[in-house]
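Since the structure comes first, as structure tokens, the remarks are kept for the end.
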Amino acid sequence: MKGLPVLSLLLWMCAVYFVGIYLFVGGFLLVRLEVNRTSTCGDVLQPGEEPVDFCRVQPRFRRAVLLIIDALKIDFAWFDPNNTAPRPYENKLPVLEETVSSRPSHSRLYPFRADPPTTTMQRIKGFTTGSLPTFVDVGNNFASSAILEDNLIHQFGQVGKRVVFMGDDTWENLFPKKFHRSLPFPSFNVKDLHTVDNGILQHLYTTMVGDDWDVLVAHFLGVDHCGHRFGPDHPAMADKLTQMDGVIRSVIDRLHNDTLLVVMGDHGMTDTGDHGGESQKETDAAIFLYSPSPLFPGPPSQSEPDVVPQTDLVPTLALLLGVPIPYSSVGQVLLPLFPPHGQTEGAVGRLSQLEALWINAKQVNRFLETYSGMAKDIPPESLSQLKRQFSRLSSEYLSSVRAGRSPSPQLAASLQAYLTSVRDTCRATWARFNPLKMVVGLAILAFACLTCFVLSELSPALIRENAPGLTAPLVVALAAGACAAACQLLARGYVEVAWCLAAAALSSELLFLWRARRRGGTAAAVVPTDKNGSKAPKRAAWLTPCRLLIPPLLVPLLRCASLLSDSYVIAEGRAVTFLVFSLALYIPVHLNWDGLLLPPIHDPLKAAGFLPPAAPSPSTVRRESGVLLACLGLLVGSLYLSLSFHACREEQGSCQPSPFLSPLSRLQDSQLKNLHYVLSVFSLGLWTYLLRRCLRHYGNLNSSGGTAFAAHWVLPLLSVCLALHWAVSATPDDSFRNLAELIGLAQLALPRAAFCLVALGLSLIWLDPLTVFVKTRGRAGRGRASPLPPPSYRASTGISPQAELHHLIPQIYQRMRRSMDDGGGELSGAGEVDSSPAVKAYGLGTVYSAPLLLFCGLLGIGLLLLHPEGMALSFLLLLLEMGALLHIHASSTNLSSLHGTYSGGFNVPWTPVVLWSLAATQFFHATGHLPTFPSIQWGAAFVGFPDGHTGTLLPASLVTLNTFASHILFAAGCPLLLFWPLVCEVRGSRGARACGEEGEDAVMEMRLRENPQQFSSALLQLSTRYLFLLGAQVFASVCAAAILRRHLMVWKVFAPKLMFEASGFLVSSVSLLIGVSLVLRVDVAVGRWFKRLVPDASR
């Protein structure tokens, strides 16, 4: 078997996919590092050497009311008296313009610009922390969606201000236990325009007239929901804006002189009512500032800003209310709210513009120094320039203060310029899509899918002795990568590795496709015929629509198209279950349509000898059909029961999560806890029994090698360890107090012992994978330990020793297989005397599938250890579904072969491969997982490590194994689809025997060694088909994220789905490579075993 070409092609294909994912994710996901430090009242930010308690200075305002009208677009806030025919969203908030016109010293209305992504959660982070939030904020606590960075809510609490919140329940998740009083209302149902707003109005006015608050936050959602449901140009929007106008008027009437009112939107909306992207319609909201006492020195002037960045609200509110500016804020104080320098005499708690700018600039510089020490993503030249700029401004300001002279008028402008530069640098670094990277990533993934499909269809031609390998594509890839690096050095002075990888991947893909197109026409013509004498289809055959648009390929196409819909992504678990059921049902329907499911009708012409006699026996056909239908029933039952283990997304309001998702330690009812434990242990025991029963049935437990040892001892010990760990973990803390120390030790030792057993078992399988036992007449032992005498058969002397060995292997097996029945047989050549020892070989027919099956079984129990105990039943269903799919595939192949219609050699059709890939996704959901970050089972990181970890690699690995357990098992077990039809082949179909029966014509998996080239091409085709299906799902998720990047649900549905799909592909591809490598390892071991049988063959 040609293992190296197979592995090299698969590695290259996976690498190309990885590069495409890396490029797109690098351009799409907005990432920055969180700085988890907080500002304090004692920070020395004002001029002077002595520390000053900033919070003890009387603030300008004692109270503040923040009215957040979600999606309050600036167009909604403007008022045009000349507009006689306003649209539904125009001129509906006249209170803003009336107040600004009548009381210019008390109010202002500005455009309020948000930074993308324009989603509510990210915007709340923006105007409370002053930072530029992105989709992925890398902090220390991955399990929580709470804001960990310093923020206004935290600072208000630190100085004793009572914060009362009402409205969108997103605040409650972002600031848990931070409010003096909280009245959250559910926010997800966008069709509900009134529940949140009416709930706020029931408490808003009564709260304002009370005296138990200092900061009041009210977040209205009706305008946003109206936009999503109807769009802005709808009468419902007019009604909702009119309601908000009345709310603002009522709040203004109830304000005191020491209170500041801020009315603002968190983002805008498009003409269709959506948001999330970076268009001006989405980023430009409105902000209205008002106070009964004079707030501004006079009417609006030319020096006032045209647009207020959203981050500027944070330092402005902090200084006006007398709290420190949050540590990570990069905002700039809104200068018109502060009097010019030298005009603060007699004003209580007033900072001048220059003092406010200095405090702001020093705080921003402190953050910049801290962040640049932790992360290296800010360009060094920009960083050094900003440091030099602040050093110069600091010297100028401090020297003027110490000298007692008035600073120059240009200093304020210079400080503003510095703050703007810092914000622009951070924005350029953190909060921007990279369209070029996204497009290049999409192109690489599209070509990767095409290349993978072509590779799967041309695999027989690519495995030929003289077939062109990967040398030319790799050389071109290296050259292209070097050229890209040189061009970057010449143009920019530095090299970005992403573009070098992109050039290498694209060039290698294009060269491969070009060579495949050139050689495709002639390659198929020289593909060796299969055992039935039929040739592989020519290139034109598999490029026709009739061959491409077949039901097995239409199903993944339908699934990929569904990834463009948030509703289908939300309901993906049930949708994929339906697709598995539908495609599985298609198999018997298709067989029956072709007349293959039932025995053929007796034809008198065939009986009279006018036609060839019918090959299949009716009993054999009925048995295979019965097996297929029984396994189909088992599959349907497993699918139905697996729905009981699904978790619930936040968007599925009426959904109830599976009770099996909760650990036993959380169950209060002791009877229910005992029932769950018994079910879990029973499922684990049945898993172990079925694995051992299957291996024993095919004679794979008779040897004394490492794999058999793992099956005999490691597997049951691992199961016992797991059952004991569950029992100890379910013990309440307040019971068995005398044994508390022992229980604590068991909670630490048992899972670690299980990890060690899994590692031991997998290592034994890899190091000693053979499960073949050879027994001679006078002496029993393993064939590897006791080489048999060579047979008298010899090839002609004109053949080289290596060619002679290749020729001898099938001959040896043909002689050995005669001794596999109970009567025994002899290994003898023509004319050899009867004194040769009789030979019995056990497990040779399943020499490839047995170690792979045990490998997946041990790995499955190890992955189950990382899940809640109740998932044992789900893992058992996974095993049953795997077995059902394998037997359905084997039976359908046998039925086709019995009727003489199967001519695919060892090639695995698309239908079982598609079912296998869909089952991996289906059991991702059936093991309690969802493509959302809150659903990640973080407890897996602490299995065996209750006291935590010192690093992040091990807990991240454990969580990854937990999350993608189904992907790992199905990808590693994918080669079983190639082996199982051979294990269960029927006599007469390929000159073999019935499944589980011993007969003269039994060949089973040894047929693969008789045809090493077809074995290699079939394994390559199966692997590339599976990779193609996984890659197509990733490509669909990438397209959905790119096309719908301005969709309402992009950061809640599509971006998490993309990340889970990409991570699942990475894990699945690595697992597939491990499974294929194990098959190649077994093949090498089998070859060595045969060499020991014929010691003189390699001379």
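Placed from the backbone N, Cα and C atoms, the Cβ positions cover glycine too.
Not measured: the values here are computed from a predicted model.
Sequence annotations record features per position, and here TrEMBL assigns transmembrane segment to 7-31, 438-458, 470-491, 575-593, 626-643, 674-690, 749-767, 847-866, 873-890, 964-983, 1026-1044, 1064-1082 (among others).
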If one takes Cβ-Cβ under 8 Å and requires six or more residues beyond its ends, the residues near the transmembrane segment (873-890) are 584, 587, 627-628, 631-632, 634-635, 638-639, 641-642, 645, 660, 679-680, 683-684, 686-687, 690, 857, 860, 863-864, 867, 908, 911-912, 915-916, 919, 923, 926-928, 966, 969-970, 973, 976-977, 980-981, 983-985, 995
With the transmembrane segment (470-491) as the reference, find which of 7-31, 964-983, 1064-1082 contributes the most Cβ pairs under 8 Å.
7-31
Considering pairs 6 or more residues apart, do the transmembrane segment (7-31) and the transmembrane segment (749-767) have at least three CB pairs under 8 Å?
no
Please indicate, using numbers and ranges, the residues of the same chain that are 6 or more beyond the transmembrane segment (964-983) and have a C-beta under 8 Å from a C-beta there.
698, 845-846, 848-849, 852-853, 855-856, 859-860, 863-864, 866-867, 878, 882, 886-887, 889-890, 893-894, 906, 908, 912-913, 916-917, 919-924, 926-927, 992, 995, 1003-1005, 1007-1008, 1018-1019, 1022-1023, 1026, 1063-1064, 1067-1069, 1071-1072, 1074-1076, 1078-1079
Remote residues contacting the transmembrane segment (847-866) - C-beta distance under 8 A, at least 6 residues beyond either end
684, 687-688, 691, 694-695, 698, 700, 707, 710-711, 714-715, 718-719, 722, 725, 751, 754-755, 758, 761-762, 765, 769-772, 872, 875, 878-879, 937, 940, 943, 958, 961-962, 965, 968-969, 972-973, 975-976, 979-980, 983, 1005-1006, 1008, 1075, 1078-1079, 1082-1083, 1086
Would the transmembrane segment (1064-1082) count as touching the transmembrane segment (1026-1044), i.e. at least 3 C-beta pairs under 8 angstroms with sequence separation of 6+?
yes
Same-chain residue ranges lying at least 6 outside the transmembrane segment (626-643) that approach it to Cβ under 8 Å:
573-574, 577, 580-581, 584-585, 587-588, 591, 597, 873-874, 877-878, 880-881, 883-885, 887-888, 891-892, 895, 922-923, 926, 995
